[in-house]
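Colleague: Before I ask anything, let me first share the structure, which is written out below as structure tokens.
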Amino acid sequence: MAAVLEAGSAGQFEQLIQNSAKSLTVVHFWAPWAPQCTQMNEVMAELAKEQPQVMFVKLEAEAVPEVSEKYEVTSVPTFLFFKNSQKIDRLDGAHAPELTKRVQRHASSTSFPATPNSAPKEDLNGRLKKLINAAPCMLFMKGSPQEPRCGFSRQIVALLNDQKVQFSSFDILSDEEVRQGLKTFSNWPTYPQFYVKGELVGGLDIVKEMVASGELDQMCPKAQSLEERLKALVNKAPVMLFMKGNKEMAKCGFSRQILEIMNNTGVTYETFDILEDEEVRQGLKAYSNWPTYPQLYVKGELVGGLDIIKELKESGELVSVLKGDQ
């Protein structure tokens, strides 16, 4: 089931959903005119190789309008997740790391997520506190920084980017409970909302004023360039392994093999899951001029991939290389 299937009609779509039995089915509602959809098709093709037990389906949203309307798909890309012919999750927008996360989560689960009545909900105020403190600067907006879904959100993202502010965001269109609850929690009725260190700064107009006065510049951390970020990551620990998955669970055969070798050396090392961050995944290939994963670094310098690690192990040099003796 490694290939991405295509549903060209409502009947074909229904048949694919019904035939998938208890396995996970991920449907990408896409459009050929949207470049972000083409990019996400490539991500799906990669995921199909990594998750052969999952069925991946492409459906051109405008070509099969009855299915798009049934599931209230109004923009592309949109991803729907099905099990036992029932929709269990939805993801709007081109968010490769989040798509990867959700596929992994649902693929590893053999049952449906708990229904709202079967388990107590996390206290909403507690959840909102966690969200507004999720990063030093948090923007609650419609859409994502890559794909804002209203003019005000687009303007505030442009302002923050112009000021090189490092911020994280939350798409309030993806969670109605957060969307309504945050209005009351912060006594602020509109979006976007910008928070610094868990405190509400305000909306677009206030952020504009703070940019003009220079206050925002003093208040918010500056975003690193990708090169600066990659340099910091490869130097995060003396020995850094960039892989698919983590120490507890490798998500490809090559990563699994290199973990076994590393664990047998007794040398302390840290890992970074490249499936969690598409920017790092692609950027590190160019940064180190090394096109594949896993990649192993010692003191910020690339050692190589699995084949080189195997060679170093066979020659008896691996431990001394990992300890920085060579």
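Every residue, even glycine, has its Cβ placed from backbone N, Cα and C.
Pulled the feature table from Swiss-Prot, pasting it below:
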type	residues	note
BINDING	C150, C252	[2Fe-2S] cluster binding site
DOMAIN	1-108	domain 'Thioredoxin'
DOMAIN	125-227	domain 'Glutaredoxin 1'
DOMAIN	227-326	domain 'Glutaredoxin 2'
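Where in this structure would I find these features, and how exposed are they?
Modeller: Secondary structure from DSSP puts C252 ([2Fe-2S] cluster binding site) in coil. With a cut-off of 8 Å between CB atoms and residues at least 6 apart in sequence, the same chain places E50, M243, K244, G245, Y293 near C252 ([2Fe-2S] cluster binding site), listed in sequence order.
This prediction places the mean pLDDT of the domain 'Glutaredoxin 1' (125-227) at 89.
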Colleague: Show which residues of the chain containing C150 ([2Fe-2S] cluster binding site), separated from it by at least 6 in sequence, have their CB under 8 Å from its CB.
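Modeller: Those within reach of C150 ([2Fe-2S] cluster binding site), by Cβ under 8 Å and sequence separation of 6 or more, are M141, K142, G143, Y191.
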